[in-house]
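Data block below; observations after.
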């Protein structure tokens with residue numbers, strides 16, 4: 001019964017999606033002349049943010065940063081987006097923005113492929129396209145604002161744990177699943193960085209919690225029991241770090257074994273406040289939105305074109321350079337601790 | 001029952017002892033696992049954390065396994081328990097977030113009632129549509145999880161959203177026994193008593209042994225099935241509340257895959273997948289064994305990659321051993337019957 005309903009729902013959604021696509025294209029092809037009007041002046045600083053979905057605290061934070069930046073340079077900020085983060089949900093919004101002739105669209109792509117055609121039509125109409133947080137294919141946008149690179153993510157976590165355990169002792173890693181591509185790449189870099197910069201720290205074991213609360217719990221317990229000398233745990237996955245923190249917070253090891261890794265402030269607030277966790281890392285979505293806004297401005301004003309080596313200025317964040325494939329790197333991940341966690345809600 | 005009291009023959013007595021032996025075997029395996037882990041690392045049993053984890057970790061699965069055992073005993077299966085658990089856990093979180101200051105006991109009642117309702121949907125589909133429970137509950141496994149994903153989206157309930165007193169329930173202890181374990185034990189004793197001593201409980205066995213005969217005999221099969229699935233749903237709902245209390249983090253994937261653990265626990269504990277045989281005690285011990293093995297293997301130094309394979313081998317081993325014992329017992333039973341003649 002439910003299955004039927006769901007299938008019917010999916011069919012309806014598909015039909016609506018197709019209809020939207022069809023009408024979107026039809027209207028578009030007829031209005032090529034009109035869309036030039038908006039960008040006739042030297043700088044049309046109307047920048048619209050199109051997150052994956054609305055009502056998502058992560059993107060609420062990035063939009064706050066974007067609005068701050070746009071207010072600084074006197075542009076017009078707007079935000080539109082679908083309620084659901086489905087692959088083709090953003091297409092109709094992009095088409096509408098193209099017709100409105102905005103200066104730039106900053107989009108976090110739900111799908112690298114599905115919105116490509118719509119974005120390229122927008123670019124043909126002289127709308128600049130910036131992707132942030134989640135990229136499309138490189139030929140569908142002008143620049144991509146990358147929140148963090150693997151090296152920076154690996155380095156910040158090792159630095160944090162080294163700082164918390166005093167630069168020497170045994171540590172372990174609680175990862176996601178054994179075949180998680182991102183985590184494995186980070187762990188490999190962490191091992192290299194540990195070997196080169198922290199010879200006194202020994203990585204005794206890497207265990208896999210499968211991004212499952214129960215498994216992560218049990219693996220944390222086993223780590224603590226098997227390695228009585230353990231001084232720190234790194235968990236480069238949001239599920240793992242919160243499960244490990246929950247376990248630690250009610251165990252004898254609270255405050256004795258350091259825990260750090262990648263987590264979100266809402267998830268970790270409880271454990272930072274009760275002293276289980278001193279500091280953890282993740283990028284700051286507000287900075288991400290801020291930088292995306294300044295990149296949009298630079299594109300609109302013609303300071304950059306998205307070519308490698310272009311550079312632009314981004315307010316309080318300083319100067320940035322466009323790297324290979326039009327990627328701009330936000331910088332090192334942001335460190336959350338007891339002093340600043342109250343400022344974030346995502 | 002109107003049938004004349006049957007004199008307890010030697011055969012019946014042996015049948016009883018066989019049932020007890022199945023549970024005893026599993027209990028023995030559990031003791032061996034704990035012993036081995038403790039020898040390898042005394043902290044497994046003799047540290048405050050180790051003792052607590054030993055009792056606390058299986059508590060939630062025990063509840064789900066009890067419900068599963070009742071359903072399997074009626075010759076059905078409930079694959080939707082993990083999804084019901086997940087939905088109830090998220091409901092629990094939402095209640096605390098949306099209705100600030102709601103009493104904890106009210107949350108328990110709502111979540112258990114909600115679980116029972118979802119279970120009742122399963123029961124109704126199985127009992128009235130006469131479709132095998134495996135197919136129906138496979139459908140609701142996905143349907144309930146789909147509703148959960150739709151409702152939760154990328155959102156998540158965090159520990160800081162839940163009241164401290166509720167979270168304390170998840171790890172608190174009374175006289176060195178975790179509260180969750182006490183809840184599970186109370187439910188277990190009640191369920192075991194119900195299954196052993198009440199007419200309703202015995203009718204579950206009767207239906208599972210031979211559904212057609214049960215129907216012909218005039219048992220209210222439809223009603224019993226509804227109750228069995230509602231019980232399983234209610235226990236999953238209760239498990240959902242406890243899940244929220246223990247883990248403090250609830251995403252749309254909470255409880256995913258638990259159905260297999262629950263069925264595995266019941267089967268390891270001697271509940272025959274063909275119905276009519278087994279006890280909730282067995283299922284509960286099976287649940288404890290399953291999770292304790294999971295926790296013991298890393299401590300015994302078995303590499304991560306091998307642990308799953310070892311768990312699988314142990315499950316197969318337990319079932320083969322069980323089967324061997326059952327076949328041998330059956331042979332003895334037949335011999336005893338011959339002697340009686």
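Here the Cβ of each residue, glycine as well, is placed from N, Cα and C on the backbone.
Where the annotation comes from TrEMBL, it is an automatic prediction and has not been curated.
From the options B:3-21, B:79-97, the stretch TrEMBL describes as transmembrane segment is B:79-97. Stretch with the largest number of CB pairs closer than 8 A to the transmembrane segment (B:104-128), among B:134-153, B:174-195, B:225-245, B:266-293, B:305-325: B:225-245. Count of Cβ pairs under 8 Å against the transmembrane segment (B:305-325): among B:24-42, B:54-73, B:79-97, B:174-195, B:225-245, the largest is for B:24-42. Counted as Cβ pairs under 8 Å, contacts with the transmembrane segment (B:266-293) are highest for B:54-73 among B:54-73, B:134-153, B:174-195, B:225-245. Panel annotation: around the transmembrane segment (B:54-73), residues 34, 44-45, 81-82, 85, 119, 133, 171, 177-178, 180-181, 183-184, 187-188, 191, 195, 204-205, 208, 228-229, 231-236, 238-239, 242-243, 246, 258-259, 261-263, 265-267, 269, 271-273, 275-280, 282-284, 286-288, 290-292, 295 of the same chain, lying at least six beyond its termini, place a Cβ under 8 Å from a Cβ of the stretch.
Residues 77-80, 82-84, 86-87, 90, 118, 121-122, 125-126, 251-252, 256, 259 of the same chain lie 6+ residues outside the transmembrane segment (B:134-153) yet bring a C-beta within less than 8 angstroms of a C-beta in it.
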